[in-house]
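Enquirer: Here you go, one structure.
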Number of protein chains: 4
Amino acid sequence: MEYADGKVKDLQIAYIGGGSRGWAWTFMTDLAMDEELSGTIRLYDIDAEAAKHNEIIGNRLSAREDVVGKWNYTVSDSLQSALTGADFIVISILPGTFDEMAVDVHMPERLGIYQSVGDTAGPGGAMRALRTIPMYVEIAQAIRAYAPKAWVINYTNPMSLCVKTLYYVFPEIKAFGCCHEVFGTQKVLKGILEETMGLKDVKREDIQVNVLGINHFTWFDYASYKGIDLFPIYRKYTEEHKEDGYKEADKNWANSTFECAHIVKFDLFRKYGLIAAAGDRHLVEFMPGVGDSYLKDPETVKRWKFGLTTVDWRKKDLQERLAKSARLAAGEEEIELKPTGEEGIQLIKALCGLTRKISNVNIPNTGHQIANLPESAVVETNAVFERDAIRPLYAGELPEQIKELVDPHVANHERILKAAILCDFDLVVEAFLEDPQVKGRASREQVEELVRDMLRSTAKYLPEGWKKYL
Amino acid sequence: MEYADGKVKDLQIAYIGGGSRGWAWTFMTDLAMDEELSGTIRLYDIDAEAAKHNEIIGNRLSAREDVVGKWNYTVSDSLQSALTGADFIVISILPGTFDEMAVDVHMPERLGIYQSVGDTAGPGGAMRALRTIPMYVEIAQAIRAYAPKAWVINYTNPMSLCVKTLYYVFPEIKAFGCCHEVFGTQKVLKGILEETMGLKDVKREDIQVNVLGINHFTWFDYASYKGIDLFPIYRKYTEEHKEDGYKEADKNWANSTFECAHIVKFDLFRKYGLIAAAGDRHLVEFMPGVGDSYLKDPETVKRWKFGLTTVDWRKKDLQERLAKSARLAAGEEEIELKPTGEEGIQLIKALCGLTRKISNVNIPNTGHQIANLPESAVVETNAVFERDAIRPLYAGELPEQIKELVDPHVANHERILKAAILCDFDLVVEAFLEDPQVKGRASREQVEELVRDMLRSTAKYLPEGWKKYL
Amino acid sequence: MEYADGKVKDLQIAYIGGGSRGWAWTFMTDLAMDEELSGTIRLYDIDAEAAKHNEIIGNRLSAREDVVGKWNYTVSDSLQSALTGADFIVISILPGTFDEMAVDVHMPERLGIYQSVGDTAGPGGAMRALRTIPMYVEIAQAIRAYAPKAWVINYTNPMSLCVKTLYYVFPEIKAFGCCHEVFGTQKVLKGILEETMGLKDVKREDIQVNVLGINHFTWFDYASYKGIDLFPIYRKYTEEHKEDGYKEADKNWANSTFECAHIVKFDLFRKYGLIAAAGDRHLVEFMPGVGDSYLKDPETVKRWKFGLTTVDWRKKDLQERLAKSARLAAGEEEIELKPTGEEGIQLIKALCGLTRKISNVNIPNTGHQIANLPESAVVETNAVFERDAIRPLYAGELPEQIKELVDPHVANHERILKAAILCDFDLVVEAFLEDPQVKGRASREQVEELVRDMLRSTAKYLPEGWKKYL
Amino acid sequence: MEYADGKVKDLQIAYIGGGSRGWAWTFMTDLAMDEELSGTIRLYDIDAEAAKHNEIIGNRLSAREDVVGKWNYTVSDSLQSALTGADFIVISILPGTFDEMAVDVHMPERLGIYQSVGDTAGPGGAMRALRTIPMYVEIAQAIRAYAPKAWVINYTNPMSLCVKTLYYVFPEIKAFGCCHEVFGTQKVLKGILEETMGLKDVKREDIQVNVLGINHFTWFDYASYKGIDLFPIYRKYTEEHKEDGYKEADKNWANSTFECAHIVKFDLFRKYGLIAAAGDRHLVEFMPGVGDSYLKDPETVKRWKFGLTTVDWRKKDLQERLAKSARLAAGEEEIELKPTGEEGIQLIKALCGLTRKISNVNIPNTGHQIANLPESAVVETNAVFERDAIRPLYAGELPEQIKELVDPHVANHERILKAAILCDFDLVVEAFLEDPQVKGRASREQVEELVRDMLRSTAKYLPEGWKKYL
Ligand SMILES: [Mg+2]
Ligand SMILES: [Mg+2]
Ligand SMILES: [Mg+2]
Ligand SMILES: [Mg+2]
């Protein structure tokens with residue numbers, strides 16, 4: 001890469017999982033609309049054909065006249081060639097297929113355990129991690145060997161464990177994880193502010209928050225807009241809308257598997273005093289499964305107005321995206337140049353020195369950014385991004401009650417990483433038993449059987465070491 | 001205070017030491033030029049007449065047509081009335097008079113100990129602290145009683161000990177210390193960048209640095225301008241200019257008691273690899289007094305091209321400022337509306353929510369912002385200022401060699417605070433003996449005699465408890 | 001001191017508070033019965049006559065034929081002369097008189113706050129600390145000046161704050177605090193073991209315990225006798241005797257102001273799972289005063305079968321001890337040579353190298369002996385005593401529930417030390433308000449008035465600095 | 001196990017590596033001479049025949065009339081059967097054969113790297129660890145499954161990494177490592193004391209020391225015998241005997257591969273001020289290989305008067321032990337009942353509650369027993385052993401200079417554990433390069449080739465995962 005006059009040229013970005021039909025196009029769109037960056041995107045994917053498609057789509061986009069960000073898209077046929085010489089590495093992969101995800105999400109239902117997402121915590125998150133971690137071990141080793149100074153941006157879930165694995169294998173890695181759930185909650189605050197105060201065109205980025213927690217279970221203990229403290233406004237709103245929640249202008253929880261009415265979030269505010277900063281579908285998976293669980297059964301879920309993301313839906317959605325991919329590659333459809341709301345490009349620019357930016361990020365807690373979590377935990381807090389540096393802000397302490405909710409997940413991250421690299425069945429069972437969604441809802445025997453069945457059903461994407469248990 | 005539409009009205013600022021002939025006018029100037037803030041400045045000073053003068057000067061300024069920042073200046077006749085209801089408290093006082101400062105700076109010369117400033121470290125800094133700390137104990141108690149939620153900005157030296165005392169007495173205080181030495185070094189970098197790269201109009205604030213250390217002995221381990229790493233540029237420059245240093249356009253070290261040629265700073269870079277970020281006059285006072293001390297004797301000082309600030313000079317300067325005060329109050333002279341380069345007003349605006357700002361600040365290390373200094377140390381690092389919040393950035397670790405230079409000063413801060421509140425003679429002797437400028441250069445007996453003489457000669461401004469030793 | 005052939009000769013022990021009518025004789029008795037130590041006891045007391053009496057009593061004892069431990073007792077007329085050359089320093093003083101103690105114990109009763117001891121926590125403990133800390137500042141300064149290498153044994157209450165003050169003033173001091181409450185609880189365990197298992201002559205020292213907590217509020221999370229776990233035995237006993245408690249052979253709580261039936265202790269075991277290891281009179285003062293307080297009123301106290309130690313009783317007791325002192329000095333009565341059960345002499349012997357001993361001790365938590373208390377807390381745990389060294393054992397963590405009980409006292413120790421050295425009225429009020437016995441039971445105004453009255457009534461023994469509030 | 005009247009009956013001890021021809025007989029001897037313990041020893045070994053031999057030898061010994069400690073020796077044919085129901089688990093195994101050890105010790109000589117032992121640090125220690133760790137993963141998993149409450153005593157080298165692996169896999173394990181090097185140094189002190197002070201029959205256990213460091217690289221910062229400080233005595237002796245060293249009565253370094261003249265130890269005392277507490281053969285392997293290395297070449301080794309333990313010697317020695325095993329099993333030779341000087345049995349007795357004992361032990365630093373090493377390091381310090389508990393003593397801080405020697409080994413323990421479980425070639429190379437014996441003495445290419453050759457030559461005892469590199 002080369003900096004001159006406020007622009008960076010010849011930036012080399014390796015994109016692992018570059019065959020994606022979805023997030024890749026988001027990334028291309030943002031790149032296309034920014035004139036201060038240019039260079040090469042090296043697409044790497046185990047599905048080489050998919051990568052090839054995106055190469056075509058990307059280069060077609062770059063060639064358009066209305067596109068100011070010009071990039072050269074190429075397919076790399078090995079990790080080594082993708083990484084060697086890269087300035088940035090983007091990782092966004094799907095570990096396994098939707099068949100494996102169906103096991104993650106739905107098999108635990110036999111014990112009454114419903115999962116709204118199933119990719120982060122809970123049995124689904126754990127199983128997905130067991131497939132993902134070995135891949136991340138390999139990726140980290142490759143980065144250490146071929147691009148040890150590159151910045152690594154992770155988008156894959158389970159976020160905390162992906163980032164944790166990268167740092168475990170290669171502690172000097174310059175990696176961080178990005179997730180937009182916080183932005184979603186900023187938008188909720190923006191909407192409430194506009195609705196209640198009559199303000200217009202509040203920018204999402206101007207909702208300043210202090211972020212603390214772990215990915216998909218983050219919290220704000222501070223939210224301001226200019227000279228206005230948003231906490232009293234939020235408090236009043238949550239009291240008045242505890243039943244109907246907050247409805248985004250263009251979204252409707254009842255029509256979408258991804259949306260929610262935010263009343264779980266409102267309820268958590270009432271109980272814990274902080275603003276939970278992820279979609280309700282994610283938040284509920286971190287909470288205890290016994291007692292008044294938001295995920296008790298499908299009826300309860302309906303009452304709390306969020307959706308259970310079925311894998312059937314995902315499969316159908318994939319078909320549509322495959323079709324779209326074909327159309328894009330064939331030039332039958334064009335990518336629409338509309339800002340996506342992602343900050344990825346902004347962060348890359350900041351790391352190139354073009355701006356200085358404060359944003360939320362998932363990295364190990366080595367700066368003690370959350371004072372009462374261990375250094376080894378991967379946490380999500382704000383950080384300053386500047387040329388070749390990320391500096392976490394001191395986010396303070398989690399309140400004791402919330403810390404008690406977070407602690408078992410942090411402990412499970414340690415446990416699952418260990419389970420994955422040792423192929424240790426008992427540790428998986430322990431992780432399930434300690435997961436709040438499982439704890440107290442099934443016997444050890446039931447859990448052992450579930451773990452065994454889930455391993456068996458996803459064995460195709462698991463290392464050899466698990467064979468002995470199956 | 002009241003926020004509306006991007007402005008803050010009716011801000012109440014208590015100014016302790018408001019009779020100042022110097023910094024007060026700087027503050028007034030900045031306030032006068034900013035149209036987003038308005039309110040009342042409550043001037044409090046033990047010299048009531050001086051405060052009265054500034055009331056007149058301030059209100060006269062506010063009345064000018066070319067002034068956009070309108071403030072009401074009033075004199076408060078007690079700490080209680082100044083503080084009650086204040087949103088911000090600014091403290092900038094002179095503990096004692098220049099007669100006491102003459103003792104601080106010059107009496108140690110009898111042991112061959114020359115001090116270029118004498119208000120921070122060394123015998124002078126310690127004695128000044130013994131006078132200052134009791135005042136700060138009282139101020140902190142008053143803030144706790146009358147304005148516990150106000151933001152407190154300290155400008156008095158010794159900075160670290162003033163801030164430390166405030167937090168010691170009232171741990172919940174929202175206090176921080178501001179110093180412009182870092183800005184001075186950013187300006188040096190800006191100048192070198194312009195000189196060597198042919199750039200123009202680089203803004204001081206765009207020289208992004210990572211600040212770590214203690215006040216007047218801060219360091220940069222990172223310095224960037226946009227996409228450019230300033231370290232290789234600085235390295236080259238310091239090698240080529242190790243003898244002549246860097247000369248600021250409008251400044252000449254040989255003509256001024258405050259200036260320097262920065263060759264101490266260049267020499268420290270060669271030895272330690274980081275950019276020392278204070279004026280050379282300050283830096284040298286933290287370094288060992290034995291061996292190749294930059295402060296060995298006046299000849300050595302001359303060779304290193306910085307000045308020993310004599311108190312005679314300060315006394316003369318005061319006379320001029322007194323005269324100017326009279327002229328300003330009488331309307332015979334006008335304050336010039338020129339930006340002063342201080343960030344105080346900017347920080348106040350950020351704390352009001354009008355902006356978000358990253359700046360260097362002196363606060364306790366409770367956020368572990370410097371990972372290898374104790375939590376109780378008052379450190380200087382960057383922090384984010386936003387509405388009603390300061391969040392330190394994680395600054396990393398001091399390199400081992402620099403930490404060894406910093407450690408004795410951090411230890412002396414503890415010792416001197418303790419000595420001041422216990423009126424403990426032996427602790428002062430110990431603090432002198434452990435100060436790097438004194439260590440190894442005088443016997444315990446000599447130091448005991450020096451301490452006794454210095455206490456005796458400044459007794460007028462010291463608490464009763466010291467009497468028993470004099 | 002001089003070691004040879006398993007004995008230590010010419011040991012120099014300074015005894016501050018050496019005019020005591022009580023503990024001094026205990027100490028003399030133990031010294032008299034041990035043939036491995038000899039030397040000089042330097043008695044220092046502000047009541048010089050009392051010290052003189054003990055000189056006579058001590059030397060008379062040493063002269064007896066049945067006495068194997070020969071010591072020379074002398075009166076020192078200054079701290080300097082007592083300390084210079086001392087190997088050990090014993091401190092056991094009464095800060096003020098019983099008139100001040102009457103204020104400590106009884107004045108808070110006007111707010112319904114009853115204190116069973118009033119010398120450690122609660123309003124009484126705090127006021128006593130305000131008198132004691134200035135004396136300990138002076139003692140610590142004297143030790144630093146005249147005997148910096150001597151071992152210092154503290155017996156004065158409030159223990160934690162006395163030890164804390166010594167280390168605050170002179171961090172390198174080799175000081176520790178001894179208290180026999182733990183021994184008392186070991187004796188209860190011994191008694192229960194003998195009673196339930198039919199064992200005989202179990203030695204108190206063979207009841208091995210893991211001690212953790214703060215003085216007078218210590219806990220055992222482990223208690224063994226040889227191969228036997230005492231926890232199940234204790235659990236069973238406390239269930240069967242929750243009403244009648246445990247009755248020591250030669251003691252009866254109803255007859256004595258110092259005794260108890262241990263049913264508070266049993267109740268705490270039921271609630272918290274650990275064995276509280278101090279007399280019930282002490283334990284209750286650390287517990288919350290609202291809700292089911294053991295100290296709600298005299299009737300409640302009676303129901304829990306412990307005594308409120310009245311100061312009238314103490315005054316009467318003193319008269320008897322004064323009379324005894326006169327008889328002992330006159331040779332009309334002899335000291336009885338019976339082991340006292342104190343470990344002080346054993347610890348001195350261990351520090352001389354004659355034995356190696358594990359015992360409980362009060363020192364700062366600088367070895368992280370209690371992992372979840374701050375380093376600056378003075379804690380009580382086991383330590384190994386050997387020649388010129390005390391090495392704390394790792395005691396582990398306080399269980400979360402008990403930590404919540406301990407935390408406000410640890411915080412108050414910081415607060416009260418600070419209040420005492422700054423003469424800071426508001427900090428005393430805050431300390432009262434945060435004390436669990438006071439918290440929630442009185443308004444700030446009531447507490448301010450109480451503090452003012454207590455300070456006024458004990459002003460004779462307080463530093464000048466308090467005058468301004470009275 | 002069952003405790004009654006000062007004895008423990010029916011103790012179940014699993015002995016992993018129970019086919020040993022050497023240490024097993026030491027253990028049997030100590031058991032045979034102690035009348036307070038009895039029970040069953042379950043011998044488990046991958047060499048079932050060897051275990052069978054020891055079963056015969058053990059039972060034959062137990063049957064002797066002069067034996068007071070009666071034990072039943074049995075062979076277990078699986079880890080599961082050995083562990084289920086065990087109270088104690090002893091692990092003492094040889095990972096691989098002497099052929100692999102020959103690779104460990106001698107192959108690095110091609111780069112000029114001579115190793116005196118080759119089982120702890122250096123290339124040999126690392127390679128041995130790569131073979132051992134997978135076995136310990138399996139053992140730890142088995143203990144977690146079958147005997148999670150049992151006490152585990154490790155004797156296998158590399159000690160630190162064996163203990164570290166056990167805790168990594170099963171953090172709740174009650175494991176510790178025993179090594180007699182410290183005893184050896186206590187004996188040196190005892191000998192010097194007797195020699196210089198004319199004392200007789202000083203007991204090794206009465207040489208009280210404060211132990212701090214890591215296994216085979218431990219240090220004393222304190223050594224006393226009763227009232228006598230041994231440091232001045234040791235200092236004088238080392239100065240007078242810097243050339244000839246200290247000669248144990250019955251030992252001669254020149255005749256034995258295991259002995260030394262202790263002049264390395266004396267030299268380290270001169271340089272670092274503490275007493276190094278392991279045999280010189282071990283100590284030298286931890287020191288830098290560049291500069292004045294004690295291991296520069298065989299001539300240097302000779303000058304420093306210690307031996308390079310050749311594997312040929314070990315192989316010959318094994319032949320003798322095999323022959324002895326046959327004779328013992330056949331009853332042609334009897335085990336001699338002479339105390340072995342090991343403390344293993346004493347520690348077991350303490351953990352049974354029969355005694356309370358202070359001894360040195362290898363465990364994770366979770367009690368912060370060494371204040372300036374990380375919690376995750378396995379350290380060697382003193383601890384108190386009592387019924388079902390080990391409580392580390394606070395050992396203080398390693399002096400800065402020694403910490404700098406220890407740090408790279410602690411870092412390598414992390415690295416090698418990770419390398420072993422990930423089968424990560426680059427981490428092994430990094431570990432070699434960071435090992436002080438290798439650092440600065442070979443290029444990365446040379447080291448990569450050496451690592452590859454060593455892995456290849458020992459592949460039979462390494463996991464599959466390494467195949468891809470060979
Ligand atoms: Mg996400
Ligand atoms: Mg300054
Ligand atoms: Mg006591
Ligand atoms: Mg060993």
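Every residue, even glycine, has its Cβ placed from backbone N, Cα and C.
According to TrEMBL, the feature substrate binding site maps to C:Asn157. The Mn(2+) binding site annotation in TrEMBL covers C:Cys179, C:His216. What TrEMBL lists as domain 'Glycosyl hydrolase family 4 C-terminal' is C:211-438. If you look up TrEMBL, you'll see C:Asp119 marked as site 'Increases basicity of active site Tyr'.
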Enquirer: Near ligand 2, which of the recorded positions show up if the criterion is a Cβ under 6 Å from one of its atoms? Options: C:Asp119, C:Asn157, C:Cys179, C:His216.
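Expert: Checked recorded positions vs ligand 2; nothing flagged, none.
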Enquirer: Just the number: how many Å between the Cα atoms of C:His216 (Mn(2+) binding site) and C:Asp119 (site 'Increases basicity of active site Tyr')?
Expert: 10
Enquirer: DSSP on C:Asp119 (site 'Increases basicity of active site Tyr'), three-state: which is it?
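Expert: Reduced to three states, the DSSP call for C:Asp119 (site 'Increases basicity of active site Tyr') is coil.
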Enquirer: Mean pLDDT over the domain 'Glycosyl hydrolase family 4 C-terminal' (C:211-438): what is the value?
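Expert: PLDDT averaged over the stretch: 95.
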Enquirer: List the same-chain residues at least 6 positions away in sequence whose Cβ sits under 8 Å from the Cβ of the residue listed as 'substrate binding site', in sequence order, or say none.
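Expert: The answer is C:Asp119, C:Thr120, C:Gly125, C:Arg128.
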Enquirer: Using Cβ-Cβ distances, find the residues under 8 Å from C:Cys179 (Mn(2+) binding site) that belong to the same chain and are at least 6 apart in sequence, listing them in sequence order.
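Expert: The list for C:Cys179 (Mn(2+) binding site) reads C:Tyr155, C:Met159, C:Asn215, C:His216, C:Asn360, C:Asn362, C:Glu380, given in order along the sequence.
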Enquirer: Which number gives the other C-beta atoms within 10 angstroms of the C-beta of C:Asp119 (site 'Increases basicity of active site Tyr'), all protein chains shown included?
Expert: 25
Enquirer: Does any of C:Asp119, C:Asn157, C:Cys179, C:His216 have a Cβ within less than 6 Å of an atom of ligand 1? These are the recorded positions; tell me which, or none.
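Expert: The recorded positions passing the 6 Å Cβ test: none.
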Enquirer: Specify the count of other C-beta atoms within 10 Å of the C-beta of C:His216 (Mn(2+) binding site).
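Expert: For C:His216 (Mn(2+) binding site), the count of other Cβ atoms within 10 Å is 27.
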